[in-house]
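Note sheet for the following structure.
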């Protein structure tokens, strides 16, 4: 019972006051199967990437941490190819730092911070960790390429679909109110995908 009421509160908080760059929602109608999305931080190799995560809430939550993994591939020393994350707040003590006072928003914010500040001394991917430590330009290049390939494809496809469905500027249909609405929606989509433009 405590789990269900707490999850309702947390989901409401995530829906009404999400942390910057983070969204989280229920997948289907199951309250314990969530999806999250983290936007890559500015001035990081993940900038403008949209990273999807799976959040599974265990039966003993909040006494056990949520199980979170990346669904979007990411080039990072603390995240392996299966999306598993090496982060202390995702583990119980004594090896971890999970406490029942923490919540899903806090954990997702911690993951967002880990994306900005990798911990090469506690890696899941030794080769990427070594590259991060000893050849940072190569790490940054590879991480940017992975972000471009895996975390930006969907948004590019969405942008292209919207652009393909818009009439030409000289087309008389532009004056149709539906087309005007679509054109204004495109401006909103462009701002969503390119907020600095």
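Each Cβ is built from the backbone N, Cα and C atoms, and glycine gets one as well.
These numbers come from a predicted model, not from an experiment.
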So which of 81, 116, 184 shows up as phosphoserine in Swiss-Prot?
184
Have a look at 48, 95, 192 and find the one that Swiss-Prot tags as SUMO2 cross-link.
192
Pick from 91, 141: which one does Swiss-Prot list as ubiquitin cross-link?
91
Helix, strand or coil for residue 91 (ubiquitin cross-link)? Use DSSP.
coil
Around the Cβ of residue 86 (active site, glycyl thioester intermediate), the count of other Cβ atoms that are within 10 Å:
18
